[in-house]
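J.: Pasting a structure below so you can have a look.
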């Protein structure tokens, strides 16, 4: 019998596998930038999804069936999620710093103006505004799903969660349409670099958030949540609202102020 409240996890291959796969993913993204070959990007992203599913399966098994989650452990996991989101904020903060640095002091290569000379400006009232409304509505429905769940209305919560997921997928479709029809590319000076890095990394986080929400939807359909066990669902909501806030900052700086 343990004389402490900590949970000493069993040996798991998933942290090492996801770390190695992320290294391969970064290499594949570099190859995509240089050669426009996206096959390896999708392959390693698919492998990451499989590893995440297996890892989350083990975590949920420890919580639901093995009883390793005390109240203090749940608090510690919550703090871990908070620090993870803070680290993500620092990541995007560095990208925004880069954007403001080059936009506030454009060099001669961009014509000393921002956006660079002959770069077609994108109206912030067009596709970007639609994407903003779609993502905000998705955040509203995920919050409503949480409210329904606290009221023990599993059916209404499932409907709201499905709508939120569909809106997130629609957001990615619109973003892809914008990329395909954009008049700029990644190689169009530092303007194209900063635009696609900011929007691309945000899109990647939307994909991760959607995987998180889909896992929670499966849990909800199987009725593995209760008023005493909503931690995973609440963490997914935190992450999704983080994605919302980052997009609002991106919309105001890149599309409205930057254009």
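Every residue gets a Cβ built from N, Cα and C, even glycine.
Positions annotated as domain 'Heme-copper oxidase subunit III family profile' by TrEMBL: 2-259. According to TrEMBL, the feature transmembrane segment maps to 32-56, 77-102, 122-145, 157-175, 195-216, 237-257.
What does the local environment look like for each feature on the list?
T.: Only residues 6 or more beyond the boundaries of the transmembrane segment (32-56), in the same chain, are considered here, and those with a CB under 8 A from a CB of the stretch are 12, 14-15, 17-18, 21-22, 24-25, 186, 207, 211, 215.
Remote same-chain partners of the transmembrane segment (77-102), defined as residues 6 or more beyond its termini with a Cβ less than 8 Å from a stretch Cβ, comprise 69, 110, 114, 190-191, 194, 197-198, 201-202, 205, 231, 235, 238-239, 242, 246, 249, 253-254, 258.
Sequence-distant neighbours of the transmembrane segment (157-175) (same chain, 6+ residues past either end, Cβ-Cβ under 8 Å): 127, 130-131, 134-135, 137-139, 141-142, 144-146, 148-149, 199, 203, 206-207, 209-210, 213-214, 216-217, 220-221, 240.
For the transmembrane segment (237-257), same-chain residues at least 6 beyond its ends with a Cβ under 8 Å from one of its own Cβ atoms are 81-82, 85, 88-89, 92, 96, 99-100, 122, 124, 128-129, 131-132, 135-136, 138-139, 142-143, 146, 164, 168, 194-195, 198-199, 202, 205-206, 208-209, 212-213.
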J.: Can you give the mean pLDDT for the domain 'Heme-copper oxidase subunit III family profile' (2-259), rounded to a whole number?
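T.: That region's mean pLDDT is 83.
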J.: Take the transmembrane segment (195-216) and find every residue of the same chain, 6 or more past its ends, with a Cβ under 8 Å from one of its Cβ atoms.
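T.: Same-chain contacts beyond the ends: 45, 49, 52-53, 56, 88, 91-92, 95-96, 98-99, 135, 142, 161, 164-165, 168-169, 171-172, 175, 179, 184-186, 232-233, 235-236, 239-240, 243, 246-247, 250, 254.
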